[in-house]
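Quick look at what TrEMBL lists:
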type	residues	note
DOMAIN	1-99	domain 'C2'
DOMAIN	243-364	domain 'C2'
DOMAIN	403-538	domain 'C2'
REGION	651-699	region 'Disordered'
DOMAIN	947-1072	domain 'C2'
DOMAIN	1119-1245	domain 'C2'
REGION	1243-1271	region 'Disordered'
DOMAIN	1361-1479	domain 'C2'
DOMAIN	1600-1751	domain 'C2'
TRANSMEM	1855-1877	transmembrane segment
Amino acid sequence: MMSLMVHLKTAGHLRGKGDRMAKVTFRGLSFYSRVAENCEDVAHFNEIFRWPIASRLDGNEMLEIQVYNYSKVFSNRLVGTFCMVLQKVAEEGHLELTDTLIDDNNTSIKTSVTIEIRYQSMDGSVGVWSDGEFLDVPEDRDGMFAFETESLLSGQSRGSGTSPGRSLQGSIPTFRKAGKGVFSAMKLGKIRSSRDDHKRGDEPAVLDMEDLDRKAMRLAGFVDPDTISLASVTAVTTNVSNKRSKPDIKMEPSSGRPVDYQISITVIEARQLIGLNMDPVVCVEIGDDKKYTSMKESTNCPYYNEYFVFDFHVPPDVMFDKIIKLSVIHSKNLLRSGTLVGTFKMDVGTVYSQPEHQFYHKWAILSDPDDITAGCKGYVKCDIAVVGKGDNIKTPHKANETDEDELEGNLLLPEGIPVERQWARFYVKIYRAEGLPKMNTNIMANVKKAFIGENRDLVDPYVQVQFAGQKGKTSVQKSSYEPIWNEQVVFTELFPPLCKRIKVQIRDSDKVNDVAIGTHFVDLRKISNDGDKGFLPTLGPAWANMYGSTRQYTLMDEHQDLNEGLGEGVSFRARLLLSVAVEILDTTSPELMSSTEVQVESVSNISESATGKIDEFFLFGSFLEATMIDRKIGDKAISFEITIGNYGNQIDGVSKPSSRKKKKKDSENEEEESELIHNSSDDEADEDGDLVSVSSTPPMKPVITDRNYFHLPYFEKKPCVYIKSWWQDQRRRLYNSNMMDKIADKLEEGVNDVQEIIKTEKAFPERRLRGVLEELSVGCSRFVTLANKDVNQAGRTKLDRERLKSCMREMDSMGQQAKQIRTQVKKNIVKEKLKLVHNFLQKLRFLADEPQHSIPDVFIWMMSNNKRIAYARVQSSDTQEKKQHCNVYSFCPQLPGKKGFGPAGWTVQSKLELYLWLGLNKQRKDFLSGLPNGFEEIKSAKMSHGLHSVPPVSLVYNMKQVFQLRAHMYQARSLFAADNSGLSDPFARVFFSTHSQVTEILSETLCPTWDQLLVFDDVELFGEASELRDDPPIIVVEIFDQDTVGKAEFIGRTFAKPTIKMCDEHYGPPRFPPQLEYYQIYRGNHAAGELLAAFELLQIGQGGRDDLPPLEGPTDSERGPILPVPLGIRPILSRYRIEVLFWGLRDLKRINLAQVDRPRVDIECAGRGVQSVLIQNYKKNPNFSTLVKWFEVDLPENELLHPPLNIRVVDCRAFGRYILVGSHAVSSLRRFIYTTPDKASNNWATAGTEEESDRDKKQKKKKKKKGGVEEEEETDERMLDWWSKYFASIETLKEVYDKELESEYGNFEDWLHTFNLYRGKAGDDDEQALDDDRIVGRFKGSLCMYKLPVSEEITREAGFDPNMGMFQSIPHNDPINVLVRVYVVRATDLHPADINGKADPYVVIKLGKSEVKDKENYISKQLNPVFGKSFDIEATFPMESMLTVSVYDWDLVGTDDLIGETKIDLENRFYSKYRATCGISSNYSVHGYNVWRDPLKPSQILAKLCKDGKIDGPHYGPGGRVKVANRIFQGPTEIEDENGLKKQTEEHLALTVLTHWEEIPRVGCKLVPEHVETRPLLNPDKPGIEQGRIEMWVDMFPMDMPAPGPAIDTAPRKPKRYELRVIIWNTDEVILEDDDYFTGEKSSDIFVRGWLKGQQEDRQDTDVHYHSLTGEGNFNWRFVFPFDYLMAEEKIVISKKESMFSWDETEYKIPPRLTLQVWDADHFSADDFLGAIELDLNRFPRGAKTAKQCSLAMIRNEQELPTISIFKQKRVKGWWPFVARDENDEMELTGKVEAELHLVTAEEAEKSPVGLGRNEPDPLEKPNRPDTSLMWFLGPLKSIRYFIWHNYRWQILKVLALILLLLMLGVFLYSLPGYLVKKMLGA
């Protein structure tokens, strides 16, 4: 009998004195020790516990000992816990140890226990204990044997009272927190002996954990494993999924490819613009595109509400660097550009990084770029959204906009940016550059040399810096490869800037056009930190390396884009020494330059050593293999070249500077002295001797691998290269980056592993996540301790020091957070926590990216025939001397630049395995340390001077291992469709080292099941066995489509690593046989399917192949010599039945111009299948006559391995021909697996609480309809209409869905699914949207699969129809006539279709053959039209079931353009159990705007639902109760008809049940309520980008039911006609503008101007009060403003022609704002503006009672003061202040006005009309103005001016003009005779 014995000897170092007791737990079974009484320091227990065990002791099982202070009265107090993993015991059978305990908080305490454990195993197991046997164990030691669960859960003490009588809560935490102790033992491998260590390195640690948990659970009564025992602390730190970290071979660069973007900007309004009486226009500028709003006159707060759309097709980097600039311009017109008020700048990237990629209703702060001392120049409220392909934008629904009127809280700034931004200077200092390439051709140079006799450098460089939309340039250094500028470019911009990157570009100045030599981006986020201990942006001085196209100069450089910074550079171009600094400006200081123009100034030179001491570096590389060489280049000899900077580049590398500098001291040889490269001329006779760099391998002819690929025969002999180079020694930076990158890599690997576990549904993802977090926190703390040593060694630059500090802070806090999250991880929230960990990963990657470069990257070029073919680029930081790590890289060199886009980028040029080492020349001795062992060096023959340190020319491996690779290729799924039929003929080709093999070709499928084992015999790998085991070579699997003619077409590729078995290991669990796994197949950057396979690499030992696990021979005679996948690996199958519901086919397109007439559907899965009946006439009825068929098939038990199910539609033509119409592969059958409905859940409690909640709802409804304001008296029912309901719902977001209805209800696929049929080749572009073009129709039906045999009870149910299988109670699919009623409410944010940036939209509705065009009711020049229409169409399902609602743009000439359309599948809605035919209202009424729309009353609907669902009910009872399916609902029972009479009714009760239908067991689901859905409008020309949205809903009524009532009236509300009467009584304290001619006293000639809709439309002026000396004016003047007003939207509606050329009037909606201005009248010059006030008629401050109380505060504190609405008050009188801005833009009070506002409706205005001014009817009395006649004496002229001039000025002017004319005539006549006589006589 096997048993485990624990001898518990003592517990020591206890505190205090008292009784102690211990509890020992194993496999969930606890023993309690006796109580050791009155012991002080040590408790001697000396007891032996024995567990008889039936199953082997597993190395991962735990023993737990808890020590308690025992108390007779109170509950026992836990001293500490000791946990250990019994791994060592399992291996050795005996163990003695003393170890410390840990307390509740996981901290170690002094107390220790001493124990001895023996494990005695016997061969031949005795059968597992069942739970029953457990319970029969005799209670031997009088109650010492208490069950863990018993004591935990019951909390009673048993036997002699020794069990700790603690409650459940008390005791579990001790388990859950058993952190460190568990860890110290659980780090699988701390106790494991070291020889064993590398052998078990990659064992999935989870397999063993499961049994442990099962055993723990067996007693725990099956509680969630997370709440009990170890599960909550267990962390797994080894990878679980076999997919060793995916080899990160990246294919096809993605960054430079252009993508579609659409930026939409709505300029809503502006506020507080600074300036007097201005006419503002807003200009929106993105990059070089400008668009303007219309001009608003004479206002400081214009309202525009104009929408602009910009479309771009550019690469993402270019897009996100573009600047969005909003500027407000004052009085711009055709002739002049206007004056700039202020601007706001932000880059597109900032918007894109916002949530939902948008800012909605935010205020942008304007600042004046020409005067930075001035403050804010005003605010512009706007929406900005950036939409890429496939992003969808959610517009927040807001009905009333009061909440955004608060400016400060809604500024247009990203999170975390302070509201008050300060101005700052950004200094970009440009010192010098090195290593520039030639930029002119040699011919010109030679000509020049011949003529002038001078040799010049062929480049004229200057540097251009771009930031925040501004550019600065340094001077041009004529012909210099090493220009020295020493200049700085200064930008003045607000800080923090809303632009992320500074672009620094070296350009070559040229007479024709300047071209970029190289580009470097400085990311401000990386060189600053905004935390409270952060620092301003700072950089350098540091060298920035620039990469771009290859260096040889050609006139037309095909890779010029690379030099502009698009895409990944393929070669080193130059390096530039620069620094960046920022200084915050003090705008108050007087000597400040106030303009923001870019300045360029010179700066002093910096010392050579500022960037670090120059040191000699040594780069060594060895090529271990070069395989998969493309056959196009396979016929010529191939060599590889490695370069670092310009070193090693022999073709086009070094441009020698012409003016040879005198050589400095040799140690400081300049990098460009090219002799060093070609021929090192060091004078010191050090051991290097004449070490010549060897930068390329000798050319070699490739050898054929198979028909597509070649390989280079690098077998045992591996060629080497080495380069010496000189750089500044900045390894410190690299180390820190590398440490963070390492942590990030580990984290990424862990995160991928967790995702893999979740995806493949393995057990315990939470444990793996805990392990990941633990590794992260350990990594972080290690980083901090290592970095701490660095802190004192000050870095070179300020950024180095600050960055180190901030990295340490970030890493520290990240480590803390990781620890904290680790304790919170539970099974149910793994996914949420995983998101957080993803954020950590992004942050780590961000931190690790070092902004200050040091050594340039290493490039490996593959050369053929001295031409560069393909390149790979390695960051120099990765190649740093790592002493232990293996620096072996695998990569596939790619084609440079744009050549790498598209199909060319998918083909592999070659695959390299290469070793690189980079380090200081002094430490060169280590350079071979990282190579796989087992080689000897071969030196070059010339170097035989006995120099031992010369690097080898090649390495020869004399150790080689022979392996057999078995590739188990089971199946692939969701492959890319490569043929025109929409299918492929796939086969797979597997490459390993220099071998390749192919699977068989399976024709016409996207989901091939090859079930084939490929055996690669005698694969030779070089190096030590143990190293190979840890890091085997990569297997490449490529999948092709076989074509009858021509070459096979590439489908995709995936990489895998095999599981390795060395010859001394056992072939058995847990690692062997390996599991089948899914590998993602990529085609370029896009997924192209998944491969299900397993790979094992078995070492062939001394005994040859006979030692390997045997292979079965080919089993299937038909398949010939093909080996199947062996049994242990292929999945276990069981019998399933698949039932198919055939409903019908829809929208089949023509095939080869012929229509589909007699289609049939074939279903196939795992080689079995079934065919539908033939549809006899597709046009007449596209539905199938037999609905359900089934077939049986053997499928794997594991659902994840289920093969896909293929649906194909064929058309049966004459003479027995079949043509494939289209096909669909259902990749996962999971959602169709049938589960038996739960019988137990039928007895529900009654719903007694329904009553009050229902009443509340009613209350709410009432309140809501009032527009949300409660104080209002009960609104008249007649006032309410459908729109009141709509606006009320928007506010509560109740029944207005902001997306399509389908997405809310799972596409209405509750039983009827739609499968798209595809045909034709899949699109190769990134745009997956092209798939829509491949859809040739849709199959409607469903699937249901279940394991056989099926349980009896289902088939025994009453009314079970065996023909229908599991699809019981499904309606018939005979044709049915339906009335479809489509309500279109409104459209929003339409894409402009006309040149003027507007559109004239109207609605078109298509269903089958019927089409309704609403062309005559188009809405002029509107992008947010309100249609409010309903359309009725009769249709017959199934023939006409796809409804298309389109919005077109009306054009006077030419055809109308489609703006966008949306399609709705009505059939699925019609048949859905969610009952989407007619939404159910929330209350039932028989009249009014809320009338019940459905022809069936609620009670009829309920009765039908109960009957269909076979439910008991409904039973209506007394007292307003109804019982359905054992549930009781309550509700009101009375209803009012039109005449207000009350009647008894059951409808409300029935409606209550319907609204709570989801609570009914078994058949319940949420019924579709009355609703409005918002659908995006799409345009086929611009796939994937929304063109606007449409709000609508659809009702459907079967024609065989009673006819529905008339459609609800949703016509847009007609605005109501009002008249606003404003009486200006008096003014006071108006500022005085004029000076008297004679006396010089101040006075003003005051008049008041007012308007409501706009200055031109309806401005009115009072008469003038002349010569007011005190600023007092008396007017008694009435303005009358008639206007049309929409109550619900709070907008005035104006219709006017936009210009004289407009065809029709355009409707505008503007907020109701009354503007009153006070002016000083002038006779000769323009009148002077003195002040103004704007009153928003909905909310304006109450006027002051007297002029004294009227002050500026009424305007300033508008937010705090109570406001009133004229629409409620009707009549208001009071004093209001006039304000204007003075020179310093401060508000000042310029007068006060006493006015009376009176609002009347049009009807009232007709009844009591009033006159304008002081006219009849209802005239106002004349104002009592002081007499001006006294002023004759003071200033007679002035009085004349008043009395005569003012009244008769025109007459006087006319008379004067006449007199002048007469005079001239007189003079003419007078002098004419004399002149004539003169002429005649010729004097």
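Count begins at 1; order follows the chain as displayed.
From the backbone N, Cα and C atoms, a Cβ is placed for every residue, glycine too.
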Honestly, do the domain 'C2' (243-364) and the domain 'C2' (1-99) touch, with at least three Cβ pairs under 8 Å and pairs 6 or more apart in sequence?
-> no
Secondary structure content, the domain 'C2' (1361-1479) (per DSSP, counts of residues) | 12 helix, 53 strand, 54 coil
For the domain 'C2' (1-99), what's the model's average pLDDT?
-> 85
The domain 'C2' (1119-1245) versus listed stretches 1-99, 403-538, 1361-1479: most Cβ pairs under 8 Å = 1361-1479
Structural state census, the domain 'C2' (403-538) (DSSP three-state) = 17 helix, 57 strand, 62 coil
Three-state composition of the domain 'C2' (947-1072), taking helix and strand from DSSP | 6 helix, 61 strand, 59 coil
Please work out the helix, strand and coil residue numbers for the domain 'C2' (1119-1245) from the DSSP assignment.
-> 13 helix, 55 strand, 59 coil
